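Copied over from TrEMBL, here are the features:
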type	residues	note
ACT_SITE	Lys66	active site, proton acceptor
BINDING	Ser15, Lys16, Ser17, Thr62, Asn87, Asp102, Tyr217, Gln246	shikimate binding site
BINDING	Gly127, Ala128, Gly129, Gly130, Ala131, Met215, Gly239	NADP(+) binding site
DOMAIN	7-89	domain 'Shikimate dehydrogenase substrate binding N-terminal'
DOMAIN	118-193	domain 'Quinate/shikimate 5-dehydrogenase/glutamyl-tRNA reductase'
DOMAIN	239-264	domain 'SDH C-terminal'
Amino acid sequence: MTDRYAVVGNPIAHSKSPRIHAAFARQTAQDLSYEAILAPLDGFAASMAGFIAAGGCGMNVTLPFKLEAFALAECHTARAEAARAANTLKFEPGQILGDNTDGAGLVADLVRNLDCPIAGQRVLLLGAGGAARGVVLPLLGESPASLTVANRTPSGALALRDTFAAQANVAACSFAGLAGQQFDLVINATSASLAGQAPAIPPGLYAPGSTAYDMMYGRGMTAFLASAQSQGASRLADGLGMLVEQAAESFLLWRGVRPDTRLVLADLAAELHGT
Ligand code: ATR
(Lines of atoms letter the chains of each structure in order from A and count residues from 1; the text may use other names and numbers.)
(Lines give C-alpha, C1' and ligand atoms only; values in the text may rest on other atoms or scores of the structure.)
Protein backbone atom coordinates (compact mmCIF):
# COMPACT_ATOMS: atom_id res chain seq x y z
CA MET A 1 0.00 0.00 0.00
CA THR A 2 1.21 3.51 -0.82
CA ASP A 3 2.35 5.38 2.31
CA ARG A 4 0.52 8.64 2.87
CA TYR A 5 2.04 11.96 3.93
CA ALA A 6 0.65 15.48 4.00
CA VAL A 7 1.33 19.11 4.81
CA VAL A 8 -1.20 20.80 7.08
CA GLY A 9 -1.61 24.55 7.43
CA ASN A 10 -3.97 27.48 7.04
CA PRO A 11 -3.68 28.80 4.38
CA ILE A 12 -2.17 25.90 2.43
CA ALA A 13 -3.25 26.29 -1.22
CA HIS A 14 0.07 27.75 -2.36
CA SER A 15 2.29 25.28 -0.50
CA LYS A 16 5.11 23.95 -2.63
CA SER A 17 5.63 20.95 -0.33
CA PRO A 18 3.47 18.47 -2.31
CA ARG A 19 5.49 19.21 -5.43
CA ILE A 20 8.82 19.00 -3.60
CA HIS A 21 8.00 15.68 -1.92
CA ALA A 22 6.58 14.20 -5.12
CA ALA A 23 9.89 15.01 -6.82
CA PHE A 24 11.86 13.47 -3.93
CA ALA A 25 9.71 10.32 -4.08
CA ARG A 26 10.24 9.93 -7.84
CA GLN A 27 13.94 10.48 -7.51
CA THR A 28 14.40 7.94 -4.70
CA ALA A 29 11.80 5.46 -6.04
CA GLN A 30 9.76 5.62 -2.80
CA ASP A 31 6.13 4.54 -2.99
CA LEU A 32 4.35 7.42 -1.25
CA SER A 33 1.69 10.05 -1.74
CA TYR A 34 1.82 13.59 -0.35
CA GLU A 35 -1.17 15.90 -0.16
CA ALA A 36 -2.01 19.37 1.19
CA ILE A 37 -4.63 19.59 3.93
CA LEU A 38 -6.32 22.83 4.95
CA ALA A 39 -7.12 22.61 8.67
CA PRO A 40 -9.59 25.04 10.24
CA LEU A 41 -7.80 27.46 12.60
CA ASP A 42 -9.32 25.64 15.58
CA GLY A 43 -9.12 22.21 13.98
CA PHE A 44 -5.49 21.10 13.75
CA ALA A 45 -5.80 18.27 16.30
CA ALA A 46 -8.87 16.87 14.54
CA SER A 47 -7.18 17.07 11.12
CA MET A 48 -4.13 15.26 12.46
CA ALA A 49 -6.23 12.57 14.15
CA GLY A 50 -8.25 12.07 10.96
CA PHE A 51 -5.10 11.67 8.90
CA ILE A 52 -3.62 9.16 11.35
CA ALA A 53 -6.89 7.20 11.34
CA ALA A 54 -6.76 7.14 7.53
CA GLY A 55 -3.31 5.51 7.68
CA GLY A 56 -1.12 8.63 7.43
CA CYS A 57 2.56 7.97 8.16
CA GLY A 58 3.78 11.52 8.68
CA MET A 59 2.99 15.18 8.32
CA ASN A 60 4.63 18.50 7.70
CA VAL A 61 3.10 21.31 9.70
CA THR A 62 3.16 24.94 8.68
CA LEU A 63 1.74 28.22 9.94
CA PRO A 64 -0.02 28.64 12.29
CA PHE A 65 0.13 25.12 13.75
CA LYS A 66 3.78 24.46 14.59
CA LEU A 67 3.36 25.10 18.33
CA GLU A 68 0.24 22.96 18.49
CA ALA A 69 1.97 20.17 16.62
CA PHE A 70 4.78 20.28 19.16
CA ALA A 71 2.27 20.12 22.02
CA LEU A 72 0.44 17.15 20.47
CA ALA A 73 3.61 15.14 19.79
CA GLU A 74 4.32 12.55 22.48
CA CYS A 75 8.10 12.61 22.05
CA HIS A 76 10.43 15.10 20.44
CA THR A 77 13.83 15.31 18.82
CA ALA A 78 16.36 17.57 20.57
CA ARG A 79 16.02 20.18 17.83
CA ALA A 80 12.23 20.26 18.21
CA GLU A 81 12.67 20.60 22.00
CA ALA A 82 14.97 23.57 21.45
CA ALA A 83 12.56 25.21 19.00
CA ARG A 84 9.48 24.31 21.09
CA ALA A 85 7.78 23.95 17.70
CA ALA A 86 7.37 21.05 15.27
CA ASN A 87 7.26 21.29 11.48
CA THR A 88 7.48 17.51 11.03
CA LEU A 89 5.50 14.70 12.65
CA LYS A 90 6.20 11.01 12.26
CA PHE A 91 3.38 8.68 13.20
CA GLU A 92 5.07 5.65 14.71
CA PRO A 93 3.20 2.68 16.17
CA GLY A 94 1.87 3.91 19.50
CA GLN A 95 3.49 7.33 19.43
CA ILE A 96 3.76 10.62 17.57
CA LEU A 97 7.30 11.94 17.12
CA GLY A 98 7.72 15.70 16.71
CA ASP A 99 10.77 17.05 14.87
CA ASN A 100 11.84 20.45 13.61
CA THR A 101 13.84 20.47 10.39
CA ASP A 102 13.73 24.24 9.73
CA GLY A 103 17.11 25.02 11.30
CA ALA A 104 18.84 22.10 9.62
CA GLY A 105 17.29 23.28 6.36
CA LEU A 106 18.69 26.79 6.83
CA VAL A 107 22.16 25.48 7.65
CA ALA A 108 22.15 23.05 4.71
CA ASP A 109 21.12 25.81 2.32
CA LEU A 110 23.81 28.18 3.57
CA VAL A 111 26.64 25.68 3.78
CA ARG A 112 25.91 23.30 0.89
CA ASN A 113 23.92 25.27 -1.66
CA LEU A 114 25.29 28.76 -1.15
CA ASP A 115 28.81 27.80 -0.09
CA CYS A 116 28.46 30.23 2.80
CA PRO A 117 30.19 28.64 5.81
CA ILE A 118 28.91 29.62 9.24
CA ALA A 119 31.98 28.37 11.13
CA GLY A 120 34.10 31.27 12.35
CA GLN A 121 31.65 33.89 11.06
CA ARG A 122 30.01 36.75 12.94
CA VAL A 123 26.33 35.91 12.62
CA LEU A 124 23.40 38.23 13.28
CA LEU A 125 19.93 36.75 13.67
CA LEU A 126 17.07 39.25 13.37
CA GLY A 127 13.86 38.33 15.20
CA ALA A 128 13.01 36.43 18.35
CA GLY A 129 9.79 34.60 17.48
CA GLY A 130 9.26 30.96 16.62
CA ALA A 131 11.18 31.15 13.35
CA ALA A 132 14.28 32.56 15.08
CA ARG A 133 14.09 30.16 18.01
CA GLY A 134 14.00 27.20 15.63
CA VAL A 135 17.33 28.03 14.00
CA VAL A 136 19.48 29.07 16.99
CA LEU A 137 20.70 25.58 17.95
CA PRO A 138 21.54 24.43 14.39
CA LEU A 139 23.43 27.72 13.82
CA LEU A 140 25.38 27.26 17.06
CA GLY A 141 26.16 23.71 15.96
CA GLU A 142 28.22 25.18 13.11
CA SER A 143 30.52 27.02 15.56
CA PRO A 144 30.13 30.64 14.44
CA ALA A 145 32.65 33.14 15.88
CA SER A 146 29.65 34.83 17.50
CA LEU A 147 25.87 34.75 17.36
CA THR A 148 23.94 37.93 18.09
CA VAL A 149 20.14 38.00 18.31
CA ALA A 150 18.46 41.37 17.79
CA ASN A 151 14.76 42.07 17.97
CA ARG A 152 12.45 45.04 17.49
CA THR A 153 11.21 44.40 21.04
CA PRO A 154 14.49 43.97 22.94
CA SER A 155 12.98 41.82 25.73
CA GLY A 156 12.27 39.13 23.12
CA ALA A 157 15.95 38.96 22.18
CA LEU A 158 16.99 38.78 25.84
CA ALA A 159 14.52 35.95 26.49
CA LEU A 160 15.84 34.02 23.48
CA ARG A 161 19.42 34.50 24.67
CA ASP A 162 18.48 33.20 28.13
CA THR A 163 16.82 30.10 26.61
CA PHE A 164 20.13 29.09 25.05
CA ALA A 165 22.44 30.36 27.81
CA ALA A 166 23.42 26.81 28.76
CA GLN A 167 24.47 25.94 25.19
CA ALA A 168 26.59 28.89 24.19
CA ASN A 169 27.31 32.52 24.58
CA VAL A 170 24.61 34.26 22.55
CA ALA A 171 24.56 38.07 22.55
CA ALA A 172 21.24 39.91 22.50
CA CYS A 173 20.24 43.51 21.85
CA SER A 174 17.76 45.91 20.33
CA PHE A 175 18.08 46.96 16.67
CA ALA A 176 19.54 50.30 17.78
CA GLY A 177 22.03 48.42 19.97
CA LEU A 178 23.61 46.94 16.84
CA ALA A 179 25.05 50.30 15.77
CA GLY A 180 28.79 50.18 15.24
CA GLN A 181 28.99 46.37 14.93
CA GLN A 182 29.75 44.37 11.78
CA PHE A 183 28.60 40.93 10.69
CA ASP A 184 29.54 38.40 8.03
CA LEU A 185 26.10 36.82 7.87
CA VAL A 186 22.78 38.55 8.62
CA ILE A 187 19.71 36.31 8.74
CA ASN A 188 16.22 37.78 8.74
CA ALA A 189 13.93 35.56 10.84
CA THR A 190 11.36 38.30 11.49
CA SER A 191 7.98 38.20 9.82
CA ALA A 192 8.49 41.76 8.53
CA SER A 193 8.79 40.54 4.91
CA LEU A 194 5.22 39.24 5.08
CA ALA A 195 4.13 42.87 5.44
CA GLY A 196 6.57 44.03 2.77
CA GLN A 197 8.75 45.68 5.41
CA ALA A 198 12.41 45.48 6.33
CA PRO A 199 13.53 45.37 9.97
CA ALA A 200 14.72 48.86 10.94
CA ILE A 201 18.35 48.00 11.63
CA PRO A 202 21.08 50.66 11.66
CA PRO A 203 23.27 51.15 8.57
CA GLY A 204 26.84 49.87 8.41
CA LEU A 205 26.28 46.34 9.78
CA TYR A 206 27.41 44.47 6.67
CA ALA A 207 31.10 43.54 6.70
CA PRO A 208 32.91 43.35 3.34
CA GLY A 209 31.95 40.08 1.62
CA SER A 210 28.94 39.55 3.88
CA THR A 211 25.77 37.61 3.11
CA ALA A 212 22.17 38.66 3.77
CA TYR A 213 19.72 35.77 4.05
CA ASP A 214 15.94 36.16 4.28
CA MET A 215 14.11 33.10 5.58
CA MET A 216 11.08 34.26 3.56
CA TYR A 217 10.96 33.81 -0.18
CA GLY A 218 8.88 35.21 -2.98
CA ARG A 219 8.83 36.24 -6.59
CA GLY A 220 10.77 39.46 -6.25
CA MET A 221 13.38 40.60 -3.79
CA THR A 222 12.09 41.00 -0.22
CA ALA A 223 12.28 44.43 1.42
CA PHE A 224 15.02 43.09 3.73
CA LEU A 225 17.17 41.91 0.83
CA ALA A 226 16.67 45.16 -1.10
CA SER A 227 17.75 47.12 1.95
CA ALA A 228 20.72 44.77 2.57
CA GLN A 229 21.84 45.30 -1.01
CA SER A 230 21.69 49.06 -0.64
CA GLN A 231 23.66 48.80 2.62
CA GLY A 232 26.50 46.88 1.00
CA ALA A 233 25.80 43.17 1.56
CA SER A 234 27.81 41.26 -1.04
CA ARG A 235 25.51 38.28 -1.37
CA LEU A 236 21.74 37.96 -1.11
CA ALA A 237 19.65 34.83 -0.69
CA ASP A 238 16.02 34.20 0.09
CA GLY A 239 14.51 31.20 1.88
CA LEU A 240 13.60 29.05 -1.12
CA GLY A 241 16.62 26.82 -0.54
CA MET A 242 15.73 26.51 3.14
CA LEU A 243 12.24 25.37 2.13
CA VAL A 244 13.62 22.60 -0.08
CA GLU A 245 16.28 21.57 2.45
CA GLN A 246 13.86 21.36 5.39
CA ALA A 247 11.68 19.15 3.19
CA ALA A 248 14.67 16.90 2.47
CA GLU A 249 15.35 16.59 6.22
CA SER A 250 11.71 15.58 6.80
CA PHE A 251 11.93 13.07 3.97
CA LEU A 252 15.07 11.61 5.55
CA LEU A 253 13.33 11.27 8.93
CA TRP A 254 10.35 9.50 7.37
CA ARG A 255 12.02 7.34 4.72
CA GLY A 256 15.64 6.94 5.84
CA VAL A 257 16.85 8.26 2.46
CA ARG A 258 18.28 11.72 1.78
CA PRO A 259 17.06 13.06 -1.56
CA ASP A 260 19.26 15.14 -3.83
CA THR A 261 17.85 18.66 -3.54
CA ARG A 262 19.72 20.35 -6.38
CA LEU A 263 17.38 19.66 -9.27
CA VAL A 264 14.24 20.38 -7.25
CA LEU A 265 15.67 23.68 -6.04
CA ALA A 266 16.85 24.66 -9.51
CA ASP A 267 13.40 23.94 -10.87
CA LEU A 268 11.62 26.09 -8.26
CA ALA A 269 14.20 28.89 -8.57
CA ALA A 270 13.70 28.98 -12.33
CA GLU A 271 9.98 29.35 -11.82
CA LEU A 272 10.14 31.96 -9.03
CA HIS A 273 13.22 33.95 -9.88
CA GLY A 274 13.73 33.16 -13.53
CA THR A 275 17.25 31.92 -12.72
P1 ATR B 1 7.38 33.60 13.60
O2 ATR B 1 6.85 32.28 14.04
O3 ATR B 1 7.32 33.86 12.12
O4 ATR B 1 8.73 33.87 14.18
P5 ATR B 1 6.28 35.32 15.60
O6 ATR B 1 6.60 34.31 16.66
O7 ATR B 1 4.98 36.04 15.64
O8 ATR B 1 6.35 34.67 14.18
O9 ATR B 1 7.48 36.38 15.61
C10 ATR B 1 7.54 37.41 14.68
C11 ATR B 1 8.93 38.07 14.78
O12 ATR B 1 9.05 39.04 13.73
C13 ATR B 1 9.15 38.83 16.07
O14 ATR B 1 10.53 38.78 16.38
C15 ATR B 1 8.72 40.25 15.70
O16 ATR B 1 9.29 41.26 16.50
P17 ATR B 1 8.56 41.72 17.89
O18 ATR B 1 8.93 40.69 18.91
O19 ATR B 1 9.11 43.06 18.16
O20 ATR B 1 7.07 41.74 17.58
C21 ATR B 1 9.28 40.33 14.32
N22 ATR B 1 8.64 41.35 13.45
C23 ATR B 1 7.42 41.33 12.91
N24 ATR B 1 7.20 42.41 12.14
C25 ATR B 1 8.35 43.15 12.19
C26 ATR B 1 8.76 44.37 11.61
N27 ATR B 1 7.96 45.10 10.80
N28 ATR B 1 10.02 44.81 11.88
C29 ATR B 1 10.82 44.12 12.68
N30 ATR B 1 10.50 42.95 13.28
C31 ATR B 1 9.26 42.47 13.03
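Backbone N, Cα and C atoms are what each Cβ position is placed from, and that goes for glycine too.
TrEMBL: automatically predicted annotations, no manual curation.
TrEMBL feature annotations superimposed on the structure.
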residue: Ser15; record: shikimate binding site; DSSP class: coil
residue: Lys66; record: active site, proton acceptor; DSSP class: helix
residue: Asn87; record: shikimate binding site; DSSP class: coil
residue: Asp102; record: shikimate binding site; DSSP class: helix
residue: Gly127; record: NADP(+) binding site; DSSP class: coil
residue: Met215; record: NADP(+) binding site; DSSP class: coil
residue: Gln246; record: shikimate binding site; DSSP class: helix
*In whole Å, how far is Ala128 (NADP(+) binding site) from Ser15 (shikimate binding site) when you measure between their Cα atoms?*
24
*Who are the chain neighbours of the domain 'SDH C-terminal' (239-264) in space, where the CB to CB distance is under 8 Å and they lie at least 6 residues beyond its ends?*
5, 16-17, 20-21, 23-24, 27-28, 30, 32, 57-58, 60, 87-88, 90, 99, 101-102, 104-106, 108-109, 112-114, 213-217, 272-273
_Lys16 (shikimate binding site) versus Gly130 (NADP(+) binding site) - Cα distance in angstrom_ = 21
*Within the set Gly127, Tyr217, Gly239, which binding-site residues show a CB-to-ligand 1 distance under 6 A?*
Gly127
_Nearest of the recorded positions (Lys66, Gly127, Ala131, Gly239) to Tyr217 (shikimate binding site), judged by Cα-Cα distance_ = Gly239
*May I have the list of same-chain residues other than Ser15, Lys16, Ser17, Thr62, Asn87, Asp102, Tyr217, Gln246 whose Cβ is within 8 Å of the Cβ centroid of the recorded shikimate site, in sequence order?*
Val7, Asn60, Leu243, Ala247
*asked:* Which one is it: of the binding-site residues Ser17, Thr62, Asn87, which Cβ has the fewest other Cβ atoms within 10 Å in this structure?
replied: Thr62
